[in-house]
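Chemist: Below are the features listed in TrEMBL for this protein:
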- 14-55: repeat 'WD' (REPEAT)
- 56-97: repeat 'WD' (REPEAT)
- 99-130: repeat 'WD' (REPEAT)
- 226-267: repeat 'WD' (REPEAT)
- 597-687: domain 'Heterokaryon incompatibility' (DOMAIN)
- 977-1002: region 'Disordered' (REGION)
Amino acid sequence: MSYLIPSTAPIRAFEDHQGSVNAVAVFPYRRRMITGSSNHTLRLWDLETGVVLKKMEGHRSVVWALAVSRDGQMIASSAENGEFIAWHGETGESLTQPIQAHSNLINSVDFSPDGTVLATGSFDGMTKFWCTKTWQMQGDPIECGYVHCVRYSPSGELLAIATTDNIQIYNPGTRERVASFKGHITLNMSLAWTPDGTRLLSGGDRNDPTIREWDALTWKQVGRPWKGHTNYIWAIAIDPTGTLVASASEDKHVRLWRLSDRQNVGIFEHSSRPLSVTFSVDGRHILSGGYDKISEWEVPKSFHSKIHAITTAHHACVTGDLSTTEELLTQDIHTDANDHTSYARRFFNWELEARFLTTHQKRCQAFLSAGKPDKALEVYKYMMDTIDESTKTSCLVWSNAFKQECSALCAANGDAALAASDYDRTIELYTAAITLNSESSTFFANRSKAKLGKMLWLEALLDAQKVIELDSLSYLGYNLKHAALHGAQRYDEAIQAFRTMLSKLEDALDIQTQQLRHQYLRPSQVERAIRQVINDQLENAPLRVLDTTTGLLCDREAQISAFKTSTEYKELLSSTTTRSDFHTKHIEEVVRRNLQFAMLSHRWEGKEPLLQDIQGKSVYDSELNSVGGMTKLRSFCKTAYAAGYNWAWSDTCCIDKNINVELQESVNSMFVWYHHSALTIVYLSDVPPSSKSGALAKSVWNTRGWTVQEFIAPRVILFYQSNWTLYLDDRTPNHKDSIAIMQELKNATGIDRSAVVAFRPSMNGAREKLHWASTRVTTRQEDIAYSLFGIFGVRLSVDYGEKQDKALGRLLQEIVARSGDITGLDWVGKSSDFNSCLPASIASYEAPPCKLPFLPEDEIQSSVSSLRKMVAVDFASNLYTQLRNVKAPRFATQRLHLPCIAFDVREVRRVHSPALETRFTYRVKANGLQDLLISTDETLVQFWPARPIEQNFVLVRPWDRSLLELPDFVKPADFGNITESEEDHGTSPSYPSHDWSSGPPVKQDVYDPELRALRLLVRLGQSFSAFLLAQQRSGEYKRIASDHDIIGQVNDIRNPMDIRTVEIL
């Protein structure tokens, strides 16, 4: 749009006030204007001559607001001291003494469209209503907060109130609030309705100097804010055509806008701030009040419209200038020859006196015959309004017959229009039918249905109420009432109306109506169904969460209570009325959306807020400022709230660690909670704002034990820097989809992106997952094991004080016992007191797993061919059968029963070194194996054939069942109802993910038993990872820990093998 040059020259100025002109209004059908000033007076002006007709005195303080009734017979003015005065519109004489209506400034007044009520809005927080006949307060006031503006809708069915905090919409008759919405950023200063009542315009203050347009049906904003003003918008006016808008602002400008496209089409510059603005009756001029005068500006001629001629004709008719009226209307008819209404108006204009009755009766019948009952009714009403009482009596029989016939035709046409979903036509026809017969509940019911179709909820409700009044025993009125109240989002009332409807159906006398009851659900049935979905949803949610709106800590019952008082719950309950409406998926979605939660992942930093610190208090309360870590907790809650989540969880304060049962449940369920969270927020307190790539990798967060599961468990995760801005300003909705961030974390942690994205808890490939945690630390040493419970999908007791050795031992014991996966036995370091086959520390898994040479498939096939010539097939088949029948390892009560291939040790000799030794190296010889060296910090008793000892030593090859190349039938572990289709990260679940057997077998179909047996022999002939075991007095064994992998190699695969299960302590 081109730049607009402000006009600084009004076409006229009205000067008589001493002080700023705070209010201005024009009379609807007379060329008069009323103005109010800070000098406590009003002026009544003749707009044609510019002469002051009357100076009106009576106020004792500054006049702030004015209103003129629609018929121009009354004026109301309000003042700073809370008083208002009513004046006669014709004479300007006061109708009342000053009435003390409020205790503070009355900022706005407005007459109802019928002129029977005056609304006053004040800074005392009240809007009051005054009967214009008695000037007594009518009904209860509305307590709404500081009032800046009150405006009746054109129909009078609604009253809009602009307050400091919001914009409120009321039914002025019942005082029921229809809607309430924020409006502008801070203050809502001014209001104006469009003439058709479909839109409401509002003006803001200096923090939001815009005009906003609101849909009067949904109360949602239409389009973008109108920008142009730079300060308070004191007043808004709309011209009679409903096409132009004028606004007056503290920035000294009056702006002219085009309503259709919200474009600024004119600017008029005052020498001082304009506080009021209005249009002239013909819409050609704008009148604005500034300091001590009123300025008149001309609307650009390009915006003059047909309505000006119509308003001019109306004015001529009111003032008795019938020739001008006829001329203008005739011009209108000639403009559109098909405009029969205008033609009829001219044709019959001044010829009704003689044959008025007969002519109109014939016209009524003609319209009925043409199938246009609404037109017939229009003529009938005009006729009946015009004739006197004696004439009405003379045509009573004809009148009754006409009403009956017209009513029936309206109803028939209305039914057809309703069936065709032509709601506008339906409303027209049934309105006509109701005019003729207001006692038919069917007419009101069908019109209510049409209004429901147009989403005219309040109008539909009025018709539904009428149906109930006319037929209180019928269910239909309550059915319609429920639909209207539901559409108006008055859900509590809607549910009550629905309950009443059900009772009417149950009490019905006829069987057919009673049977209708079966298609409906009781609200209690729906409530139970919703509660079941809620319970299912909370199964995988934390026991306590923070309400991000209030900052209060809530348990599950408090969560449920909050949801059940929410609009979404009531809407769901109100909308699920019939069995066909009952959709579990929809209920699940609504419940999920309202109960979804965000989780915090962070590192503990000294003092953190505990449950006891915040219980019963809001985390937003300033009294908690002294509690350590509160800034972080508040920022987390605010970030979760901004992301759209009602609930948030932090490990610092959402677990009562003094209740052992709760602590146990929380530790065992934490992985599930993180996985089912809608968002996990990772707070990196040591990553400053605007950090470059690499800062995340260096963060202490990557060194903490619990953060492993907090990283891989969630579906959606976002990383935040120390100032709560996104890391790298990466706006990816889920940082697991950010290639840069995932690559950085893979380099830092060794965890591949595929594991992060598609991870599912299981015990397969335990060695790799233990490696992820091997360099992590925790404040409580037991937590290094407890933090892995969820990753492996196990639930174990929590016993702080048992130390890492036992906690890790119990976890590894559970993994071996339940899955048979023994990859966790692949470690180097110090043995655990829990069991010698387990490490004392998670750090023992830092070294990579044992890597053995990989045997390519072509070499396997070549070796098989060679074996066929060297080894009897029976030998290979028997060995295969023996190993296939070996049972899985068992681990319980700290005793490991390990199936293996054993090689008895016949010699252990120490290899001496000239350097000072802290570890010892031994040469070990075992039957069937090549000699090997073992390094350990344990002192072993040396022996050889010439120097035997009673204690037995044995080298064992832990049996790896995957060497059998059998298909795998193990189902993936289930946890928390996870249903993703992705496979578990790591190697195939058909065999443990270790490399003790010269690499995993090639995945192929091997159906020949002989071939399988020979392939097994080939693999058994390769090098393997071995354990050195020392037999104890009681017959069990203990593993001798080594600081390097022990690699064994058989001498001859054709030798018999000792297959046994050893018990290790």
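Glycine residues also receive a Cβ, built from the backbone N, Cα and C atoms like all the rest.
Caution: TrEMBL annotation is automatic and unverified by curators.
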Chemist: From the DSSP assignment alone, can you count helix, strand and coil residues within the repeat 'WD' (56-97)?
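Modeler: Tallied per class, the repeat 'WD' (56-97) gives 0 helix, 20 strand, 22 coil.
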Chemist: Within the repeat 'WD' (226-267), how many residues are helix, strand or coil going by DSSP?
Modeler: 0 helix, 24 strand, 18 coil
Chemist: Looking at the repeat 'WD' (56-97) alone, can you tell me the average pLDDT?
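Modeler: Average per-residue pLDDT within the repeat 'WD' (56-97): 94.
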Chemist: With helix taken as DSSP H, G or I, strand as E or B and everything else coil, how many residues of the repeat 'WD' (14-55) land in each class?
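Modeler: Each residue of the repeat 'WD' (14-55) counted once, the result is 0 helix, 28 strand, 14 coil.
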